[in-house]
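Undergrad: Sharing the features that TrEMBL gives for it:
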type	residues	note
SIGNAL	1-20	signal peptide
DOMAIN	20-56	domain 'CBM1'
REGION	56-98	region 'Disordered'
COMPBIAS	87-98	compositional bias 'Low complexity'
ACT_SITE	218	active site, proton donor
REGION	395-414	region 'Disordered'
ACT_SITE	396	active site, proton acceptor
Ligand SMILES: *[C@@H]1O[C@H](CO)[C@@H](O)[C@H](O)[C@H]1NC(C)=O
């Protein structure tokens, strides 16, 4: 039995431990982390990914972002994957309408919890109330690891998801490296064992829920412009195979898909439009030209205006200086190639313009504000909905140059710093998004 002296000793050490507690929203764990692993009173150390645990306000920290239990039946022979034997049952009928029409958009409980906790940290009552109102604005849920859709409550619910787990993901940058690698059986993991098949199985359980998916941000755009990057060249075949599998399987269970198409400052350059249209049309046709493959998503997690009052100086040289110009230029080329695509456009962080030093700057851009609220009233028959894809307040990437996931864009002078790891809560950034929201919250 431990003696009273032991407890006295323990008590004497406690103040020292207390001093080493991490502040609210600070890092408190993760691979390579040597700092404090406990949090100040009022917040709880919560593991968000292998690289990052964060002190989240409240004694009941929000549930971690959707992650899965580890696979229970690992394939014994991973090099010879068995294709799925159970084809999805029934043939869903695509709606000829805009997928959002007649449906209520499901609010992500995870994001709502993050926002509520963040609003509680803001002392100014007016700002705090504005911040809280963000919890009622639907954003997409990023399934960036194996994950399950939660049962939604009402009927006619529309759930917005981002499919984001390709092997060797984010091939031209570092901040969002994924869990699967091509070298380590990534394609079979993605298709069969740990991602798409499981996602599809979950979706099939809720036939009354309509699902709209953004497919793999940056992946196909990287194949248009970044094949000079070795990691992208190596990933080309795998990306195409995996996206093909994802589109076919999701279409078979009636999910409406929008492939990510970068933004005006990426594929919107005149020289990139035709190669982009050729690639997207080919991918569409290879996936069987399903009417569930609605089209393309643009400006995901970016900052461009849908329709800029005047061109931002950084866009000089590109006639397609905003998302509407880009979409209007791309759509006819897609149609020529046999893909009658419609679009969705992320405006979640596009409230403020003319912030960046270069158009390619994407990481936690300083001074950004929440933008136009999600609406199907888009002013363009080519655009099905204005959406918020990137959950505002979740970080784009760490500014810590020693982190294995550091990307130099996150250290630029127009990137807000200090910034925590990608996907984790960035309180200071969220507060700016609230105060600079346009239209105001
Ligand atoms: C930056 O990252 C390194 C490596 O993960 C870590 O040891 C260090 O404590 C981090 N610094 C800060 C300020 O978080």
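Placement of Cβ uses the backbone N, Cα and C atoms for every residue, glycine included.
I'm curious about the neighbourhood of these features; can you describe it?
TA: Secondary structure of the domain 'CBM1' (20-56) per DSSP, as helix, strand and coil residue counts: 0 helix, 17 strand, 20 coil.
In this structure, residue 218 (active site, proton donor) belongs to neither helix nor strand by DSSP; it is coil. Residues within less than 8 Å, Cβ to Cβ, of residue 218 (active site, proton donor) and separated from it by at least 6 positions along the same chain comprise 170, 172, 173, 260, 262.
The residues of the region 'Disordered' (395-414), classed with DSSP into helix (H, G, I), strand (E, B) and coil, number 4 helix, 0 strand, 16 coil.
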Undergrad: Express the predicted model's confidence over the domain 'CBM1' (20-56) as a mean pLDDT, rounded to an integer.
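TA: That region's mean pLDDT is 82.
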Undergrad: Taking the Cβ of residue 396 (active site, proton acceptor) as reference, which residues of that chain separated by at least 6 in sequence fall under 8 Å from it?
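TA: In sequence order, the residues whose Cβ lies under 8 Å from that of residue 396 (active site, proton acceptor) (at least 6 apart) are 175, 301, 362, 363, 364, 410, 419, 422.
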